[in-house]
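Feature list (source: TrEMBL):
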TRANSMEM  B:6-25  transmembrane segment
TRANSMEM  B:32-51  transmembrane segment
TRANSMEM  B:63-84  transmembrane segment
TRANSMEM  B:96-118  transmembrane segment
TRANSMEM  B:138-163  transmembrane segment
TRANSMEM  B:193-214  transmembrane segment
TRANSMEM  B:226-253  transmembrane segment
TRANSMEM  B:265-286  transmembrane segment
Amino acid sequence: MSVELRVTDLVTGYGKQEIVHGVSMSARSEEVTCVFGPNGSGKSTVIKAIAGLLPAWSGQLHLGDTELTGLAVHEVVRQGIVMMPQGGGVFPRFTVMENLRMGGYSLRDTAWVEERIETLIDDYPSLQRRRHVAAGSLSGGEQMMVAIARALVPEPAFVLLDEPSAGLSPALVGETMTRVKGLRERGIGVVMIEQNIREALPVADRLYILAGGYRKFAGTSADIQDDRHLMSLYMGGD
Amino acid sequence: MDVLLQALLNGILIGGILICLTVGFQLTFGVLHVIDFAVGGWVMLGGYAAYWASRLLGVDPFISVFFVFVLFAGVGCALGPLIYHVRTSRYARPDLMALAFTFGIFIMMRGGALWLWSFDSRSVDSVLSGASLSIGPVTVPLLRLSAFGMALLLGLGLFVLLYRTRFGMAVRAVAQNRDHAGLMGVDVKRVSAYVYGIYTGITASAGVLLATIYSVNPEVGVRYTLFAFFVAVLAGLGSVGGVLVAGLVLGLVESLVGTYVGTRYSLLVVFATLYLVLLISPKGILQRGI
C-alpha cells in the first residue's frame, strides 16, 4: 500500500533566520523523491523540519492521515520516518553492531531487533567482517553503508537522505545510488537531497528544485528537457 | 617501608573520595556539555541532609546515604530539564549561559545554607567514626575504607548502567552526538534529565561521606567544586573512565607528598601536577577527554 509524505506551505529556519519560505512537496513510498538546489537553498532545512530536528514555524507535515507537525524528533522516528544526516551520522565510538542496535532503539522488542540486524547484515559483506570494529575507524564509504543499514533496522516507511554521496569517491557514489534504488524495491519511500545531480537524476522518480527557500520546480525526471534547462532551473531562473 | 605502605593506603582511600566527588560531574559534562559549578553545592547539601537525618531522626549516615541519593536524584531529575533548556537555548553562547546558571544555583545554595544553618561547622557521627582496622603495620580508618568501598560500588554501578543497559546505550549515544541520538529515537531531553539526576544523587551521597569524615559548613562547597574541576581536568573532561584513574593518582600524589615532603606542600604539588598535565597532555592522562 502506497503511503504519502506531504509537506504543505512549510516555513522554517534557524534561530530567528527564516530559510524556507513556504515550500510544498509530496513523496510516496516505493518512489525516490530527489530535492536539488544550490547551497543555501533550504533543501537540508526542509528535511530537518520533516524529521523534527527543526520546528515548523507554519505549514503542515503529514504521513498519510497522521499529522507530524510539532512532533519532537524521537516521536517522528516512531511514526516510521528515519533521517540519515549528512556523512551518515554513525556514532564513531560505537562498534558497527552497536550502531545497528541504535537503529532499533525506537523498538521495544530487542530480540526482534537482533534478528532483523542479522538478516540485514547479510547484504553487507564488508560490514559482516567488521561487526566489532569502532565505526569511527571505518572508511567514509563503509560508514555510509552502516548508516543505510542502520536506517533500515526499524523497517521505516520513509528514509530521508541528506546528501548521501557527499565526500565519497565516484565508485562509492555509484554503489550508494544502487543501495538507494534497493530501498525503493523494498517498498520504502526515499527522500534524497543531492548535489550530485548527474548520478542522482537516473534514480529519481520525482524531482523538486529549491532555490533561495522557494520551490522552483516540481515534476519527474522526464520533465527535464536537457542539461541547459536543468541548469537554468538550478540557478533560480524560470 | 611501613610508612610507605601507610602513605599508599591513605592515598588510595583519598582517591576513592575524589572519585565519588567527580564521577557524576564528569558524566554530566559528557552528556549535557554543562560544567556544573554547583557540584560543591550538592556535596554541601548532601552533608547537611545527613547531619539533620542523624540529629533529628538518629539515622546513621551510612543508612541515610541511600535516602539522600534518592532524594537528590529526584531533585536533579526535576532540575535537569531546566539546565537542558538553558544549555540548548537558541540564543547567544548557551555554554556560558549554562555556566552562569549553575554558578547562580551554587550561590543560592551557599546563601540559603548560611541563612538557614549559620556559619557553624557541623560534624556527623557514625558508628564507624573513630574506629579503625589494624592490618600488620598499617592502620585503616573504617570511615575512609567505607567511603572507598562506596566509590568502587558507584564506579561499578555506573559501568553496568552505561555499558550493559539500553538506557546506558542511549546515554553514550547522546554523549557522542545529541542530534544523531534523537534521530535514532532517543528522547534526548529525558535522558539528559535522568543523567543530571544520577549526577546530583551521586554527588550528594559523596557529600554524606565527606561530612562524616570531615565536617560540613556552608563554605565547603567552593573547595569541593575546585577539587572536582581538578580531577576532571586530570581525567580529561568528559571521560568517566579517566576519573577512576585520575582520582587515585591525585589521591596518591597528595598522600605521598604529605608524608615525605610535608603536608603544606601537598596542594602545591597537586597544582603543579595539573599544570604539567595541561601543558603536556591537555586531554587528560588517558588522552580521552575533549
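Any Cβ shown, glycine's included, is placed from N, Cα and C.
Residues of the same chain lying 6 or more positions beyond the ends of the transmembrane segment (B:193-214) and with a Cβ under 8 Å from any Cβ of it are 17, 20-21, 23-25, 27-28, 31-32, 36, 39, 42-51, 61-62, 64-65, 68-77, 79-81, 83-84, 122-126, 128-129, 143-144, 146-147, 150, 154, 158, 161, 167, 171, 174, 220, 224. The highest tally of CB pairs under 8 A with the transmembrane segment (B:138-163), across B:6-25, B:32-51, B:63-84, B:226-253, B:265-286, is held by B:6-25. Long-range Cβ contacts of the transmembrane segment (B:6-25) within its own chain (Cβ-Cβ under 8 Å, at least 6 residues beyond either end) map to 36, 39, 43, 137-141, 144-145, 147-152, 154-155, 158, 198-203, 205-206, 209-210, 213, 224, 227-228, 231-232, 235, 240, 243-244, 246-256, 258-260.
Contact between the transmembrane segment (B:226-253) and the transmembrane segment (B:265-286) holds: at least three of their C-beta pairs are under 8 Å, each pair 6 or more apart in sequence.
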